[in-house]
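> Structure in structure tokens, see below.
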Amino acid sequence: MEKTPKWIDVALIPLLNLLIAFVISGIVVLLIGENPIEAIRVMVDGSLGSPYGWGYTLYYATNFIFTGLAVAVAYHASQFNIGGEGQATLGGLGVALVLLMVPWPNWYLALIGAMIGGAVFGAAWAAIPAYLQAKRGSHIVITTIMFNFIAASLLNYMLVNVLRPRGSMDPATARFPAATHLPTFHDMPLIGQFFGKSVPANVSFFIAIVACFLVWGLIWRTRLGFAIRAFGRSEPAARYAGISPVKIVMAAMLISGALAGLMATNNVMGEAHRLVLNSVEGAGFIGIAVALMGRNHPFGVFLAALLFGFLYQGGGELALETSIPRELITVIQALVILFTGAFDNMLRGPIEQFFVARANARKEA
Amino acid sequence: MQADQNTTKAGRQATAAPAAKSVATPTGAPAIELKGISKAFGTVQANKDISIRVMPGTIHGIIGENGAGKSTLMSILYGFYKADAGEIWIKGKHTQIPDSQAAISAGIGMVFQHFKLVQNFTVLENIILGAEDGALLRPSLNKARRELKRLAEEYELNVDPDEKIEELSVGHQQRVEILKALYRQADILILDEPTGVLTPDEADHLFRILNHLKDEGKTIILITHKLREIMETTDTVSVMRRGEMTATVSTSETSPEHLAELMVGRKVLLNVAKTKANPGRTVLEIENLKVRDEDGVERLRGINLQIRAGEILGIAGVSGNGQSELLEVLGGFANGTGTIRLNGEELDLTGKHSDGQSRRAKGIAHVPEDRHHLGLILDFAAWENMVFGYHSDPAYQKNRLVMDNAGITAHTQEAMNRFDVRPPIPTLPAKSFSGGNQQKIVLAREIERNPDLLLVGQPTRGVDIGAIEFIHKRIVELRDQGAAILLVSVELDEIRALSDRIAVMFDGQIMGERAPEDTDEKELGLMMAGVVK
């Protein structure tokens with residue numbers, strides 16, 4: 001059997017899918033009477049055209065890297081973790097509790113504490129569906145989805161009844177002490193001069209990059225990663241090898257939940273400086289698309305997260321500067337998800353056939 | 001190979017001969033005639049140029065081992081698969097069967113090994129499912145109730161029409177499947193391994209029903225690997241082996257041992273250069289080992305075996321008689337009751353304190369029967385497969401966290417050279433190797449651990465002749481180094497050539513043990529058929 005070159009699989013097909021999504025989005029923009037070229041210009045300008053835009057694009061991308069990695073790790077153990085949203089919500093709760101209850105002397109100690117808090121809470125939230133899957137066979141997709149709703153309600157209760165400062169009308173925690181505020185890109189040496197004071201991108205972006213490397217090492221360099229991949233590819237073979245399904249499902253889901261929980265260092269600790277309702281804003285679900293598009297490889301997740309960061313920020317600008325409604329941005333995002341994720345196999349077959357046929361023809365000639 | 005072709009030819013002549021003599025009512029055209037059916041899945045040829053005639057009003061058995069291609073052939077007939085080549089003729093008419101609807105309208109009904117019933121529907125609802133007469137259910141249900149009553153009286157097919165499927169015994173569920181087919185006017189009924197899930201009483205009842213159906217002029221195709229059922233119920237029997245139809249004979253003119261021989265087949269005589277065994281201490285003792293499967297059917301019914309260091313114990317038997325379960329329990333990934341001692345130490349059979357890892361740590365290596373599903377991860381590279389199951393071994397770690405991938409790759413390279421794996425490229429995924437080379441990878445992994453006990457299942461299934469010899473040599477070498485070896489194979493010649501002692505398994509029990517020099521194929525064949533102890 002002929003094999004298609006790898007670059008087709010990892011580069012050409014995703015790019016073509018993206019192109020189709022943009023073309024269809026363009027047609028939709030045209031239909032509502034706006035100029036698609038102008039729309040693209042606004043999006044690129046607003047997200048990539050200025051340090052200000054980059055500051056937001058990278059901030060969103062940081063969220064998506066964490067949730068994308070979370071989905072990817074679980075995927076390698078053939079677990080579909082749809083609960084990134086809830087796990088990131090709980091991660092936010094963990095981060096808020098750590099930052100409010102401990103008088104941190106400086107931001108980097110606070111960051112370490114917050115990372116532990118976010119990861120532990122996120123992992124704990126993933127642990128329950130993982131246990132139900134591993135021991136009882138309850139399907140992880142169902143349980144993680146339900147846990148998203150429970151997480152939202154739990155956060156609501158905690159904010160309204162427990163964490164809301166006395167006298168405040170706002171269902172949110174008190175602001176975190178200034179000592180715990182993370183340095184933004186503006187505060188950093190060398191690059192700081194380019195970024196304005198208000199950019200939200202912060203050191204969490206670099207933590208996300210480190211997380212990419214660590215996940216890569218975990219999956220492809222460690223014993224645990226070996227066992228996770230083996231289990232994900234073939235459960236009977238894993239049983240033959242003595243790899244415990246219960247342990248693998250638990251381990252993969254705990255790591256996945258911890259990664260989702262770590263997202264809170266970016267949005268809660270790095271940007272909002274307090275915990276508010278619906279702090280995750282759908283990033284958990286975007287993570288699914290990011291992992292799909294990034295083929296569950298940390299590097300792919302990184303690139304896909306940048307793309308979705310661009311879509312998020314560019315979309316925001318589009319709503320601001322044109323009469324294209326905010327909802328249309330959601331449509332464009334949905335189209336990208338649809339084509340890079342769900343319809344991925346639509347192009348794959350014909351393109352692979354084309355290259356195989358071409359290779360065969362060349363061989364005969 | 002030559003012998004193969006001869007039997008095949010003989011088989012075809014037998015098929016082509018004017019309607020087998022024993023047939024009850026050989027009227028006109030065959031109910032089913034398949035001409036030259038071939039079907040391949042990737043590189044695996046599941047059916048090779050198969051021709052068969054089934055006369056109306058007969059019970060026609062198709063016998064063969066697991067994986068011989070029986071089910072594929074029937075799936076083609078029922079429209080699940082499309083044949084790569086060949087024709088289907090039904091009642092004298094060339095018929096296309098693109099899907100199961102076409103099969104049903106051609107009068108074919110199928111009873112699958114695993115029933116296709118809606119558990120929380122009643123019998124009646126299941127019967128009409130997909131055969132409703134209109135948008136309203138009531139008329140269909142009433143009609144089905146009348147029809148069911150008639151069928152029950154006619155064929156001894158009694159089932160309560162208002163009982164839910166989940167409340168029924170397995171035997172009754174099967175009757176519902178048969179009723180479903182009859183309700184759809186099937187006059188050709190295919191049953192795929194129908195007795196696999198039945199108790200002996202239920203099986204007897206099933207065969208009474210089948211005989212009734214035959215008397216009414218229905219045609220029945222019975223797929224099984226159990227020789228006794230074939231002998232007791234069929235008029236004609238076709239034998240399949242490795243995707244080919246090796247023979248079609250009248251049941252009255254054949255014997256279980258002859259069928260066993262046709263099923264298992266002869267191969268080129270295997271010459272294994274080996275000296276007499278020099279058995280030492282007892283390595284493995286098995287006492288009264290019993291295993292039940294998920295459906296509660298007892299697959300091992302009290303096994304007693306011993307293997308000593310430096311000897312090969314061969315387990316002969318038609319596949320599906322408990323050999324797989326024996327290997328799984330010993331390998332630590334199935335549970336059982338009874339006692340297994342390795343080097344005098346009792347092994348845990350409950351799965352609570354043991355798994356594949358702890359078995360390996362105790363010195364049991366396992367070359368599994370199914371290398372594609374168990375022995376290898378096909379998407380993994382050769383080097384990853386070379387440590388699969390031993391990946392926690394300290395020798396393969398760089399430090400406490402990270403595996404020594406480079407070291408493993410280098411080790412794999414050497415092992416591939418030693419075991420003549422071609423091509424010797426450690427980074428190639430396992431699926432890119434041929435069957436023989438895949439097996440060498442598994443064998444290298446397991447043998448090079450110098451185990452006390454090596455479990456080997458079907459070591460040369462799907463392996464080319466050249467590799468067979470190599471694999472046999474390695475197994476004997478390991479024996480000579482003092483390992484105890486348990487060899488399971490459906491190839492009688494392989495068992496006879498390699499084993500120092502032969503135990504024959506039938507229906508979850510050991511029928512007996514023989515020394516290879518004191519027995520012959522005939523005796524072993526009778527033991528495998530459960531005729532002689």
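Glycine is no exception: its Cβ is also placed from the backbone N, Cα and C atoms.
Predicted automatically and left uncurated, TrEMBL annotations should be read as such.
Straight out of TrEMBL:
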- A:12-33: transmembrane segment (TRANSMEM)
- A:53-75: transmembrane segment (TRANSMEM)
- A:82-101: transmembrane segment (TRANSMEM)
- A:107-128: transmembrane segment (TRANSMEM)
- A:140-160: transmembrane segment (TRANSMEM)
- A:199-219: transmembrane segment (TRANSMEM)
- A:240-263: transmembrane segment (TRANSMEM)
- A:275-292: transmembrane segment (TRANSMEM)
- A:299-316: transmembrane segment (TRANSMEM)
- A:328-347: transmembrane segment (TRANSMEM)
> If we skip the immediate neighbours and take only residues 6+ beyond the ends of the transmembrane segment (A:299-316), which ones have a Cβ under 8 Å from one of its Cβ atoms?
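Distant Cβ neighbours of the transmembrane segment (A:299-316) are 10, 18, 42-44, 46-48, 53, 56-62, 64-65, 68-69, 72, 208-209, 212, 216, 286, 289-291, 293, 326, 329-330, 332-333, 336, 340.
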> Please indicate, using numbers and ranges, the residues of the same chain that are 6 or more beyond the transmembrane segment (A:240-263) and have a C-beta under 8 Å from a C-beta there.
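Answer is 62-63, 66-67, 69-71, 73-74, 76-77, 79, 81, 83-84, 87-88, 90-91, 94, 115, 118-127, 129-131, 133-135, 140, 207, 211, 215, 218, 224, 227-228, 230-231, 280, 283-284, 287.
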> Does the transmembrane segment (A:107-128) come close to the transmembrane segment (A:275-292), meaning at least 3 CB pairs under 8 Å for residues 6 or more apart?
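Per Cβ check, the transmembrane segment (A:275-292) does not touch the transmembrane segment (A:107-128).
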> Going along the chain, which residues at least six beyond the ends of the transmembrane segment (A:53-75) come within the CB cut-off of under 8 Å?
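Result: 45-47, 81, 84-85, 87-88, 184-186, 195-196, 198-202, 204-205, 208-209, 211-212, 215, 218-219, 228, 232, 252-253, 255-257, 259-260, 262-263, 266-267, 270-271, 283-284, 286-288, 290-292, 294, 296-298, 301-302, 304-306, 308-310, 312-314, 316-317.
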> Any contact between the transmembrane segment (A:82-101) and the transmembrane segment (A:140-160), i.e. 3 or more CB pairs below 8 Å with pairs at least 6 residues apart?
yes
> Which stretch, A:12-33, A:107-128, A:140-160, tops the Cβ pairs under 8 Å count with the transmembrane segment (A:199-219)?
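When the Cβ pairs under 8 Å are tallied, A:107-128 comes out ahead.
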> Other than its close neighbours in sequence, what residues sit by the transmembrane segment (A:140-160), given a CB gap under 8 Å and a spacing of at least six beyond its ends?
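Contacts with the transmembrane segment (A:140-160): 79-83, 85-87, 89-90, 92-93, 125-126, 128-130, 132-133, 171-173, 249, 253, 275-279, 284.
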